[in-house]
Structure formats: structure tokens, C-alpha cells
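A.B. asks: Structure in C-alpha cells, see below.
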Amino acid sequence: MFRGPKKNVTNTNEQQNKKEPDKVPIPPSQTEFLSKLKETIHSPADLVVKYISETVTITFLDFLIDGKTLNEQILPTLEKVINTSPKVIKESLLIAEVDLVAELNQGILEMLIGAVLIHVEGHSELVIAKISSYQSRGLSAPENESQVIGSQVGFNENIATNISLIRRYITNPNLCNEKFTVGKDTRTSLSVLYIDGIAAEEHVNTVRQRISDLDILDLLDSAVLSELIDDNSISMFPQFLLTERPDRFCDGLLSGKVGIVVNGSSMAILCPYSFIEFFQSREDQNLRWPIATFIRLLRFSAILISIFFTPIYVAALTFHYEVIPQPLLVPLSESRAIVPFPPIVEALVLELIIELLREAGARLPTKVGQTIGIVGGIVLGTAAVQAGITSNILIIIIALCALSSFTTPNYLMGNVIRILRFPVIILAGFWGFLGIMLAFCFIMIHLLRQSSLGAPYMAPIYPPRWKDWSDSFVRLPLPLIRRQSVNSRETHTIQNTNDSFAKEEKVIE
Amino acid sequence: MKSALQISNDQKISSSLFFFVVTAAQIGVGIHGFQRVVVKNAGNDAWISVILASLFAHIVVFIMIRTLALYPSNDLYGIHLDIFGKYFGGILNFTYVLYCTFAFYSVIRNYIEVINTWVFPNLSQSFIAAALLILVIYAFTGGLRVLVGVCFFSFMTGLWILIILFMPLEYAHYNHILPILGNDLKSIFKGAYSMTFTIVGFEIINTLYPFAKEKKKVQKYVHLALLFTLFIYLSVILVSLVYFSEAQIERTLWATLTLFTVIKLPFIERVEIIIICFWMIIILPNLCLFSWAAYRGVKRFKSINETTFIWIFSIFIFFANIPIQTRTEIDQMNNFFAKIAFYIVFIYPFLLYIMASLKSVLRKGGSKE
Amino acid sequence: MKKIKVLIVLLLSCLFIIGCANQRILERIGLVTLVGYDVAEENKVTATSVIRQINPELQSKVEVQSETESTSKGTRVKVDMKTSKKLAAGQMRVLLFGEDLAKKGIEEAIHTTMMNNEISTSIYLAVVKGSSKSLLEYPYKDVTDVGQHIYNLIDHNIKQQHTVSSTLHEVVRDNYSEVRNFALPILHKKGEFIEIDGVAFFSHGKMVGSLPAGDNFYILMMQDNFKESTLELVLDGESIDASKFQEKQLQIAVDSVKTKRSIKVVDPELNEFDLNIDFKCRLLEINSLVPINDPKLVEKMEKAVNQKIENEVSRILEYSQEINSDIYGFGEQYRAHVRGGKLTDQKWREKFREMKVNINVDVEIIRNGVFE
């Protein structure tokens, strides 16, 4: 609802916008100015009005500005200049960002971001001194994307901090930063970042266009933005990456992706992103290649285990008892002997329990969450087996599946992998292996149909770009890898990087 | 040449993908039990028949591509219209569309039969048909890119079966193959002829050719694909020949599947059940490509939306499944299809080539005057 | 959006209208692990099934049921009426035939089994001395699951090459082949135990003769190249240097390391074959007095073993020629190497009876343990 897809809501909103004339002249009289100001912003409690002299008045919103600068810079300066014009004030203020504004609404907007408005009696211009200060938390380690080796810093909610972090990683004049403001009610500022010459022009254009086409009321988080501007919002697969790691973000920018940083959100968006890349971690680059390769293969097999292991159990026990080898037959059937439900119900119940545990653990404070995990896992599991509701072999399988689903480095993708299991289990319970294959084919076709910013989602597997396979399922030694370039990076720069590798090698020789 | 196709660059597919498309189009339901008919004719020299059939396919492909290369960007349907005019060409196009539909139908019917015999004796045919058709519709509405993607994935995910295929060699009696050429040539050729049902599928290039990015490279990849399928067919027939005795093959309906029943892996037995279910992903490209080929033809008669076409097509196939029920009927249908396929795929391209080259010579002469 | 909705609706309607496949939940079916067929009066067969069932109280229970009917499916229906759970044959591992039935012919039973898609072609077939019913119904003291017990018994003996391999596939292959016959192991109940007691020779689906278990080694040696299997031999004491060893008989045991068997058609006209056996073995057991480090003695011993094996092989071959059962593949080899032979069933039967085989055995003792 708040995204405003309903037409009448947006219409009235547009009308309001139109009614409100863009330009309200600033009343030269002090009292008139103040009353108009208060009327526009509904005289909030944090509005501070200070009369410096008879002619000069300053207004600002408390807590939004830097009090130190105000006291040490602005107030003394204003004391000195009496009976003067806004122009003189602007010139005498020793602050980086000072502006003159002849329009009230713009001034108010600036004040809402954190500026001091200086009004001089008899002048229809305002001096705005931007001395905003953010109350933001300090930089901390990324919690959702932790890694053992590599930098331990994550984005925070402040766009300025985030962009400064990125600029510290990439010192490059070609790093472009385009600012947008989205959301009629929130006016959230966001930045589109890309490196000119590396990022494909069409991708940047698409992002620009999609953002400017947005017609929404509010935007509070980058996750919402990513769902709003990706290619297929109906699909359960995320098409853009959300990351809280500046190194991963910069890695993406350097390989030609377009990044979006949203104010107020500690997750930045990277696009276009392909399916395979969701299962790669920044850490893979930091490990030696055989280890990184092993871990990647482990992750990919974990996807398969996570989605298909429980369904295979259900299918084999419900329809295909022939495929169970003789040594397994007796333990399997004995463990199932007192279970009153068919395997599909048994599996669904257990999977639900696991999901409940996970959700409860995620909602509770960290310390309590761990306790819940242990209590739920051990107590419920053991009790369920002893009560004869589930078989102990299934418990092992379910635990294995849950474990596998947590190996996915990306939280959003990990969720997809976990939820995807449920329809597959149901299909397996109805039509055995045939149902599993139906699900498999359906997922395959679905993935093939997706795109990310118009680039194929399954690249580099399909369409096959053999050269990029060196950094997909496996990670070969760095000199053998083209700079990670799935779906992006224009061709001429690729040659450049190859040349640079060649040069390096020559130097070594 | 008003019938030429306008294909934008982003609709085109890379030539190397033709390898996967042709391989995926060729391997379908025929491979489940082709040993029976071939061995019936050619005895223990069945493998020579397989090589002969594949050789013949190579020649046909060569001729097909020569024919298509006479036109800058056109498929079989356009060539028909160009050579034979609107009406006779239209009839030929209609025949080819019917052929594609028949091929689609034959694949889906045979697969359902296998599932019903081996895995779920009581599972309703209409359910399997509906499930498969929904998959086809979903892939088809994604466009050619998705269809080719399905072929690619079907190839890649199906490779593991090749390893399993060689496990029954534990019971091999290699002297079953000897004496080489013990049967007369006529029966070997007859065996090659009976490979038709299994080997067809490569005729998809008739319609897919104009969509290639680099047309010159297509030929190489199609021939490579034929070589690869030859390798698969040859492995299957050789393994079957040494594993079964001749009379046993003649009595085994789906020799390839029976071959798999003997395999016991430490974690799983009766691999054939898994393979049959897995086969869905192998026949999916068949279905997608044949329906797509039919769509290209129908489009020549009436400009029709992809989605509308595939829905009508699927509903038609769904109801066509009902009349044919018994094993004998299916056998008859397969034989009938093989006969038609032989003329359309193996004989007709030569005729068409002659006509097309005559036409192009005439045209050149005309333009000179 | 609309399309997807239609898709979902269609899928769901399929799900509920057409319903699901027949369930066969593992613990709710009775698994038939073994079936034994016996001859009964009036063209009927008695089928004895070993059924493994899982009961909540008893954990797992093995039941032996037997019924008589004219078709094997008919017996299954009858047995079904006596058990609490639906029977399923997908986990069947062994098929037994009573001796009488085997003599009457097992072709029909094999055909029925092959037609059934539930049953794997890797199950084992065997003949029971006496009736399979009495073998299965006897309450053995140390055996809880007679079906599994017999399967393991046959399985490990075939894997160790102590008896002829008799998977359903091999039996069917040889049965339908015109130039080959098959053999099955014979099971026998001896007191509290079941043992493999020889080899039954078949010709055209009928049991035509049998040899004792002691001959297994030679039969296998003639059938194929083989890797393991132990042979106990009694050699003539005189074949070895008499000065050091005076006893009349010398008992040794050898273990095959690598054996190559080859059949060659020498002359198709004269119906003459070569059977070459290249037997590389290792000495397992010998009288401690014999000085095995003496190369001459070893050579002598090899010769003696040679002679012994040759004798045994020719005896067995003669026997199988007499009963006309070619389980060794002479016919296959003949057909493979003689062009235009057009070997029919009848023709080969005549030929096999009269063929002449030159047996060449080459024994080589290549290892003799870690202690002389």
C-alpha cells in the first residue's frame, strides 16, 4: 500500500504536488517569514528560532545540526555583521557549504536535511548554512556476511560514510556518483555508483531509467528498492545482490557492475548479478585456489543436497522401495515402523519445525536465540523420535539439509534455497522421483527465463562463456581468471587487463 | 525473395550451441529400445548399421545445410514458398508442420508408456501428459533463448548416464560381436533403415539455421553433434550386444533400460527407475524443439502469437493422447512415424536441394538477361 | 501475471483431479525377499515366499507363506489374502526352484519373472535339492531371516567364485541363446545349515544333470577367466622326489592369482577345439617336509598339478557333453569364429556332443607365502 501502486492514491498525491506551487517567495518581513515557516512545517517541537539581532533571525531543527559549528562559527560571525544583506553574510561565513536561496520550500527542505536558515529582515533571500551532523553508529563488522579472512568492516546507515568507504577502496577519477532522490514522502537520497569505462553503458542507463521511473511514496531500505527495480519481481530468486561488505561492493564495481547505495540502509545493491555469483563469496579470492575451489564445489553440492535430499527420502520411501539397497532396508523400515504418518507428512512437519526454530532464533536477541536453537534442536528432535512421530534417519537428513542451506554466502539466496524445498517435497510425496524431476525441470526453465538488468541470469553457464568458467564453479589461480566479468565489463578493458597480467609476468622473469 | 526472415541480432544464437541443440534433439525416446529392431534385422552386426545410419545422416545434414546456404536468411518453410509458390509450397509447409507435430506426439506418447510400464503402472496418462505440456509451455513462452538453454542443460545434466552405461560390462561376453559382417549387407542396411526412429531430430536445423550468428560455423558443430550421438548410440548398441544374447535382445522391449536394472550402486539400486524419471529432462528439448519448429511453420500461414500457438498446440496433443492406448497401437504408430520420417528427413532433402539449386541457377540466368 | 495464474490453477487442478500415484510406503508393505517354486499336482506350482514385514512391536518379522495355484501370480494373490500387508516383489533377491520343477523345466517361471518390471535382473537363481518349501519352512536356529541368509550365502560365494554365477540376467541370456546353456548352484539343507552343494546343468530350461560342489573350481575355470578361488588337490606322492617325501599322497592347496582361459576353434570341419588354461597360482598349504625352495621340485609339482587339472577338466567336459549342456561357451566361440556357420540350436546340440577338445593346462606357481 505504501508503495502506492493503487492509482487513486498516486493521483491525489500528484494533484497535491501540483497545487503546491514550486516557488514560494520568501517574505521579507521577519514575523511573516516565521509564521509561514511554522505553517509549512507544522511548527514542530524541535524547531529552534533564535533572534540574533533585530534584523537577523536564524532557524534550524535541533539535533540535525552540528552545535559546535553553530556556536563557534556562525553565531560569532553573525554577531559581528549587523545590518547587512544575506550576500555579505554568505561571504563572511567560514563554512564550506553556504548558499543563497530565494525560495522558501527549498530552504525548508535544506533545513530538514540539517541546515541553518538565516533570515535578514527586508530581504527575500535566505542564507542556508549546511552544517548537518548525523547521529549514526560507528563502523562495525558485517554481521550477515562475516568471513574469516578479509576486511572486517561493513557499511552503516549513513550514505556519506558508505560512499567515503567506497572512495577509500577505489581511488579513481572514473568512479562516477549520480545522486537521485526517491519517494515522495521520504525523499530518500540514493547514489548510483559505477566506474566509467568498466561498467557497460547500457546497464548504467537501465538503472538510471528504472530509478527515475519509480513512482513510490516512500523508500526505507535498499532491499525494497532492489525488488522494485529488478527484472522479475514475481520470481522468488533475487536478481540483484544486497551486500553490507564494502570490499564485495567495490569488487563488483571493479568488475563492471553498477552499485546503488541508499541512505538509511546498511545494504548496498549490486547489479547485474548472475545466479552463480550468489554462491561465491569475497573470501574465495582471499584463499588459495585449490581450497577456494573445494569450498565452492562444496557449496554447489550443498544446494543440491539442501533442495533434493529430503524429497528423495520421501519419494524413495513412498513409491520407490526398490531403489533402497538391502543393507539400508532394515534400518530404514525399522526406524519408520512406529511412525503413524506417511513420509511426506513426517518430512513436512520436521521441515516446518526447523523453519520455526530458525525464525524464532532470528527474532530473539542473539543470546536467547542460541538457547532456543539448542533447546529446540535437541529436545524437540529427541522427543519427536521417542514419541514415534518421526524416524531418526529423517532427523539426520533434515538436519543435513538445513545445514547445507546455510552454506550459501548470500542471505537472500539462502532463504530461496530453503523455501524451494517445500514444493519439491510435496511433489515428491505425490509422484515420487517423477515429481522431483518435474520440480527440477521447472526450476531449470524458470532460472533460464530470468534476467538481471537484461543480462542472462544463468551466465556464464548458459549462454556458455567458457572463459568465464574459470571463476564460476571453481576458482582457478588468479592469473588464469579474467577479472570477474559475468554479464558486464566492456570488451576493450578485458584486453587491457590481460595485457597487464602479461606485463607483470615479464617483470617477474 | 519476399519470404526471407528478419531476425534481429539479439534473437540469434551462437553457432557452438548448435552442437547441444542437435545432440539434445536427436537423443530422445528412441534410445530406450532401438536395439531390438536393429538387431532383429542386422543381428550381431547391428553396430555397423548404427554407423551406416549415422553416416547417412551426415550426408543428409551436409545437403540440408547446402540447401539452406543457398538463401541468405531463410528456413525450410521460406524455401518451400520460394521454390514451389504460395499454394504447393503451402501444402509442403503444412506437411512439415504435421510431421513436427507427429514427432512431438510420438515422443510424449512413448515416454508416458515407459513411465507407465516401469515406474507408475496406475498413474494417469493425462496427468503425465499435462505435466509435461505445462513444462513445454513454460519453456516455450520464454522464447528461443530459453529453448536452447533447455537443450544445453539437458545435455550437461545427462552426461552422468554415460558413466553408468558402461557398468553392465561386468557381464559382457565380447565374442558376441564376432564374426564381424557375418550378416549380409542387405540386412545390415535394413538395420540402418530401422534406426530412423532413433536417429531423427537433426532436421531441426531446417528451421533453426537462420538463427545462427555465424552461419559458416554451423556445419562444423552439427557434424560434431552427429559424431557425438554416434558415439552414444554406438556405445549403447555395443554394450547391449556384448551384454545380451541376440535372441534376448529381440525379446526385450526397452533393452537400454533392462541393461540398467543389473546395476547396484552402494547407495542406490535399480538405477533404471531413476534414469526413467530423469529422462524427462532428456525429452524436454525434443518436445520444445519440435513444437518450436511447428510454430515457425504455422507462423507462415497465419501470424499468431507464441503463447496462443503453444496453448492450442498443447491442448491438441493432450487430447490426442487419449485414443492410442495399447502397446500394439504404440508400436504401429512408431513404425508409421519411422516410415514418414525416413522420407521426410532422409530422402526429401536431396530432392529439395536439386530443386533449390536449379532455381538459383535460373534466377542468376534471369538476372543476367 | 495472468499466464502464471492460469499455470498455477492448471497445475493445482491436475494435482487434485487426477490424484496421486499408488503409494507403496516402505513399512506398510510386505517385502517378498525370496520365492521358491515347487512342482505340485495337476500342472500347478507351489510358491513359497519369504516375506519381511515391519511391525511396530516386533521391529521386523519374517514370514514364510506358501500356496499352490496354476500361475505364479495366482499364488501371489492367494498369499496376499493371508498376510496383513500388501506384498511387493521389488526387493526380491533370490528365486529358488525345487529339484523336481527344475527337471520339468523352469523356462516359464523365468519368463514370468522377466516380464515383471518390478524385479531386477540381478537377482540370483538356484536349485534346491528336494523341495524349496521344506528348505524355507524349516525353523533354523541361527538364521533369523532365511531370505537374506540365502541371498548372502549365494552372493558371497558367487563373488568369491566358489560357485557358478547365476543372476537372472545370465540365465535368461544363456537360455535364449541358441548356442549356450546355463548352470545354477544347488542348495541343500544339511541339518541346521543350508549349504551350496554342487552345480545343476540345464539344457533348454530343464535340469539335465549335476556335479558335486568339489567340481565347482574346474567348471568356473572352464567358464571364464577368474581371479580368486581356492583349490585343494590331492597329488600322487610319486610325482614328487621320493627321496625326501615318502607318503603316497600329497595334499596341497593353491589359490588362483590370475587365470586365463581361452577357447580356440582349431578346425570347424573336424569339430575340434583347443581349451587353453593358463593358471597362475600361489601355494597356500603343503606338507612341511616338502622343500618348496627347490626349483626342480616346484616344476615337478606344477606338472603334477597340471596333469590333475587336465584330468578333472576332461572328466567334467565329458560329462557335460554326455548330458549335452554347453555352459562353457564353446558354441559361442564357434559361432564367433566360423563364418557362415549359421549355428542353429539343433545343429549345435549335435556338434557339441561330438566335439573334440584338446585341453592344455599351464600351471605356474608364482608365490608361496612368507615362510618356507
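All positions are counted from 1 along the displayed chain.
Glycine residues also receive a Cβ, built from the backbone N, Cα and C atoms like all the rest.
Because TrEMBL annotations are produced automatically, they should be read as predictions rather than curated entries.
Quick paste from TrEMBL:
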TRANSMEM  B:12-34  transmembrane segment
TRANSMEM  B:46-71  transmembrane segment
TRANSMEM  B:83-108  transmembrane segment
TRANSMEM  B:120-140  transmembrane segment
TRANSMEM  B:147-167  transmembrane segment
TRANSMEM  B:187-209  transmembrane segment
TRANSMEM  B:221-244  transmembrane segment
TRANSMEM  B:273-295  transmembrane segment
TRANSMEM  B:307-324  transmembrane segment
TRANSMEM  B:336-358  transmembrane segment
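Thinking about packing and proximity, how do these listed features fit into the structure?
C.D. replies: Under 8 Å from some Cβ of the transmembrane segment (B:46-71) lie the Cβ atoms of residues 1, 4, 35, 38-39, 78-79, 82, 177, 180-181, 188-196, 199, 202-203, 205-206, 209-210, 215, 218-219, 222-223, 226-227, 229-230, 233-234, 237-238, 241, 345-346, 349-350, 352-353, 356-357, 360, all in the same chain and six or more residues away from its ends.
Within its own chain, the transmembrane segment (B:120-140) is flanked in space by residues 108, 111-112, 146-147, 150, 280, 283-284, 287-288, 291-292, 295, 306, 310-311, 314, 317-318, 321-322, which lie at least six positions past its ends and keep a Cβ under 8 Å from the stretch.
If one looks beyond the transmembrane segment (B:221-244) by at least 6 residues along the same chain, the residues whose Cβ comes under 8 Å of a Cβ in the stretch are 15-23, 26-27, 31, 34-35, 38-39, 44, 46-47, 50-51, 54, 57-58, 61-62, 65, 162, 165-166, 168-169, 171-174, 176-177, 195, 198-199, 202, 205, 252, 255-256, 259.
Long-range neighbours of the transmembrane segment (B:273-295) within the same chain, counting only residues 6 or more positions beyond its ends whose Cβ lies under 8 Å from a Cβ of the stretch, are 21, 24-25, 27-29, 32, 96-97, 100-101, 103-104, 107-108, 111, 114-115, 118-119, 132, 135-136, 139-140, 144, 147, 150-151, 153-154, 157-158, 161, 164, 201, 204, 206-208, 257, 260, 306, 309-310, 313.
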A.B. asks: Quick one: find which recorded stretch in B:12-34, B:83-108, B:147-167, B:187-209, B:336-358 has the most Cβ pairs under 8 Å with the transmembrane segment (B:307-324).
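C.D. replies: The stretch with the most contacts is B:83-108.
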A.B. asks: At a C-beta cut-off of under 8 Å, are there same-chain residues at least 6 beyond the transmembrane segment (B:12-34) that contact it? List them, or none.
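C.D. replies: The answer is 106-107, 110-111, 114, 144-145, 148, 150-152, 154-155, 158, 194-195, 197-202, 204-205, 208, 211-215, 217-218, 220-222, 224-226, 228-229, 232-233, 236-237, 252-257, 279, 282-283, 285-286, 289.
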A.B. asks: Mind checking which residues reach the transmembrane segment (B:147-167)? Cβ under 8 Å, same chain, six or more beyond either end.
C.D. replies: 13, 17, 20-21, 23-25, 27, 139-140, 232, 235-236, 239, 259-260, 263, 271, 275, 278, 281-282, 284-285, 288-289, 292
